[in-house]
Each structure stands twice: as structure tokens, then as C-alpha cells.
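Student: I'd like to ask some things about the structure below.
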Amino acid sequence: MIAEKIRVALDERSYDIEMGAGNLDRIGSLCREVGLSGTAAVVSNTTVAPLYYETVRLSMERAGYRVVPVTLPDGEGYKNSATLNLIYDGLVDASLDRGSFILALGGGVIGDMAGFAAASYLRGIPFVQIPTTLLSQVDSSVGGKTGINHPRGKNLIGSFYQPKAVLIDVATLDTLPEREFLSGLGEIVKYGAVLDGGFFDFLEQNAKLLLARDKEALIQAVSRSCAIKAKVVAEDEREGGVRAVLNFGHTLGHAVETLTGYTRYLHGEAVAIGMVQAARISQHYGFCSQADRERIEALIVALGLPIELPIFPAQQYREALSHDKKVRDKGLLFICNQGIGAYRMERLTDLGALLEICGIGE
């Protein structure tokens, strides 16, 4: 079932997000519809490939494509240059040329790395996103950000490179472990908190249905998240302005991930912590009422996500924040929520004061 298509309007780089339930076996037809030819390298991981590679392979072969698998180890800890080289090795071994393309079958790590491989292999070949986690469906598969982590920071190496299409099948969420599923809900909260108050209301009212993985509620939540992000990306593809709002919760969230070596928290969990802290900072500066801050905290708690920063010395937090890609000469660009459904961007130069508000003192 195809529920709807959402257009990401970027002139000649525009593409559609196809949303549905049980539509994974349409991938071959979709690739033909967007004009792709040649060999398809399916980049996946050891968790997702056993579940969905055969469906993708059969669909692609029915559509007349040669298909080769490139299967990687699973986990954020593998989002690095060594694993990226494994993708290049697979592409070279399969003799992929510029007329070939990549299918990114998996979560955000696979999408980011496969997209970066597509952007850089032979100076660029097409790719299609097939996100299989809630987090990647509502965030990383939309907007063209690709890349890998560096030991000193998250996503420090990468490029903007748009896919030819995105295919989202919410039925793939049936096999997602509970913790991974909840992590994706954390990223969904972001869209309501700073960009759509009505969507935030929907999430509050439908939290139980979402937790039960109700298909209709999920399609609504995922499609609305994608539509909100698509609109922001269309306005600001390369994060020169308004797109920075999508980093709400990510500043401290990325610091948490860096300090814990990307092993203690899933991305959506770290973002949930970051959003709660951002709401506290927003309340401190008078941008957000206590009632709205408490609504954000309550929804995140109701969705089974963490809210408190892990304990590390303030100096370590400052060091992690100083490597944030949103740092400029005039300070750290911090996204605050203005009530619920709106935002403001602030340049914060006193990281010590910011951490004090969050309960991290010297």
C-alpha cells in the first residue's frame, strides 16, 4: 500500500519520498520510474540484510537490474573511515561504473555512509534511500546529509548529496527492537516541539498508539515529520540558515554521544536528553514557559526516553561542545524552543553558563 508521496523541492535535484506499508517490493519499479540503470549495489548491514535483502533483490531483478550485496557490521561505532572503505571495496570488486547506483538499505548509519560513498565513488553515482528504522525514516534519509564520524566528533566528515528517491515502508518497523523504535520517536518529537505545535498535540494524544506501532498512527507521524523536514530542506538545503532548527536537541545530544563513545545512548535517546536540556535553557532565558517546558519533558518521558545528562566534568562537556559543527567565531549557535511549535536561534558564548543551567557545574 502506498499511502502518499512527499516532494522534496530542490530544483533539478528534487525527489519524492514514497510512503506506505508493505511497499518494499516496489523498489525495482521505483528505480525504473526515476530513470536508474546499470548495476545496483545494496549497501546494508548484518542485522537488516537477513530480513529485507531478498525482498529488495527479487524486486530489483524483476525490474531487470543486476544486484550485488555490500553487507557491513551493524552499529554507530562502525560509522567510520574503515567501514567506508569496505563499501568502496565492494563497489570496486563488483566493477560498478558511473552508470550504476547504490541502494541504502538500513538505518541512519547505513544511509549516511552509503550516501557518502555514492557522493565520492567515481566522483558521484546516484543512490536511493530505503530507511528501515524509525529514526532514519523521519530524519537522516531526508535532506541529503551524508558522512561518517571522526573520533573527535560526530559527522565531522561528509557532504550534502541528495538521493534520487526515498522509499519508506513502515512495515519494516515491525522488526525494529523496542529501544531503536523509541529512539526514533525522540527525533519525531523535535518536529512538533519547534516547528509544528499541532503536530506536538497529535503526538501527545497518540503516544499510546505510536508505542503500540499502530500502522495508521505511524504513517501519519512519519509522513508529517518528512513533510516538515522537506519544507525546511527546500528553504535551506545546505544549512546556511533556517535548516539549523533541525538541530534542536542535537547540540548537547551530540556532546553526550561523543563523551560516551557512541556506545551508551542511541542517537534519538541522546537527542531526547538534549531537547529537555534545551527546553530548560529556553525557559531560563525567558523564551519558554515552565508549562511548555514541562509538556516537552512529559512527552519524552511518556515515550520511554531519557532526560538527564550523564555525569562528566564540565571541562569535558566544553571540549565536546567546542567541536560542534555549529560553532562559529561568534559562539555556539544554539536552537531554543519558543514555547511549543516555534523556535529562535541564539549565539551562546559562555558555555560554562549554559552547562550550569543544565546542572553541570565546575
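From the backbone N, Cα and C atoms, a Cβ is placed for every residue, glycine too.
Not my notes, these are from Swiss-Prot:
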| type | residues | note |
| --- | --- | --- |
| BINDING | 74-79, 108-112, 132-133, Lys145, Lys154, 172-175 | NAD(+) binding site |
| BINDING | Glu187, His250, His267 | Zn(2+) binding site |
Student: Rank the binding-site residues Asp74, Glu187 by how many other Cβ atoms lie within 10 Å of each Cβ and give me the one with the fewest.
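Tutor: Relative to the other binding-site residues in Asp74, Glu187, Asp74 has the fewest Cβ atoms within 10 Å.
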Student: If we count other C-beta atoms within 10 Å, could you say which of the binding-site residues Gly77, Gly108, Gly111 has the fewest?
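Tutor: Counting other Cβ atoms within 10 Å of each of the binding-site residues Gly77, Gly108, Gly111, the minimum falls on Gly77.
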Student: Once near-sequence residues are set aside, which residues in the chain of His267 (Zn(2+) binding site), 6 or more away, have Cβ atoms under 8 Å from its Cβ?
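Tutor: Residues satisfying the criterion: Glu76, Gly108, Leu135, Ser183, Glu187, Gly253, Glu257.
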Student: What's the CA to CA span in angstrom from His250 (Zn(2+) binding site) over to Thr133 (NAD(+) binding site)?
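Tutor: Here the two Cα atoms lie 19 Å apart.
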Student: Mind giving me a neighbour count for Thr175 (NAD(+) binding site)? Other Cβ atoms within 10 Å of its Cβ, every protein chain shown.
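Tutor: Taking every protein chain into account, the count is 13.
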Student: Restricting to the same chain and to sequence separations of six or more, state which residues have a Cβ under 8 Å from that of Thr172 (NAD(+) binding site).
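Tutor: Residues satisfying the criterion: Leu24, Leu51, Tyr52, Thr132.
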Student: Does anything in the same chain, at least 6 positions from Thr133 (NAD(+) binding site), have a Cβ under 8 Å from its Cβ, and if so what?
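Tutor: Spatial neighbours, sequence-distant, of Thr133 (NAD(+) binding site): Gly106, Gly107, Gly108, Leu173, Leu176, Glu180, Ser183, Gly184.
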Student: When a 10 Å sphere is centred on the Cβ of His250 (Zn(2+) binding site), how many other Cβ atoms does it contain?
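Tutor: The Cβ of His250 (Zn(2+) binding site) has 25 Cβ neighbours within 10 Å.
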Student: Using the centroid of the Cβ atoms of Glu187, His250, His267 as reference, list every other same-chain residue with Cβ within 8 Å of it (recorded Zn(2+) site), in sequence order.
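Tutor: Other same-chain residues near the Zn(2+) site: Leu135, Asp139, Gly186, Lys190, Gly249, Gly253, Gly268, Ala270, Val271, Gly274.
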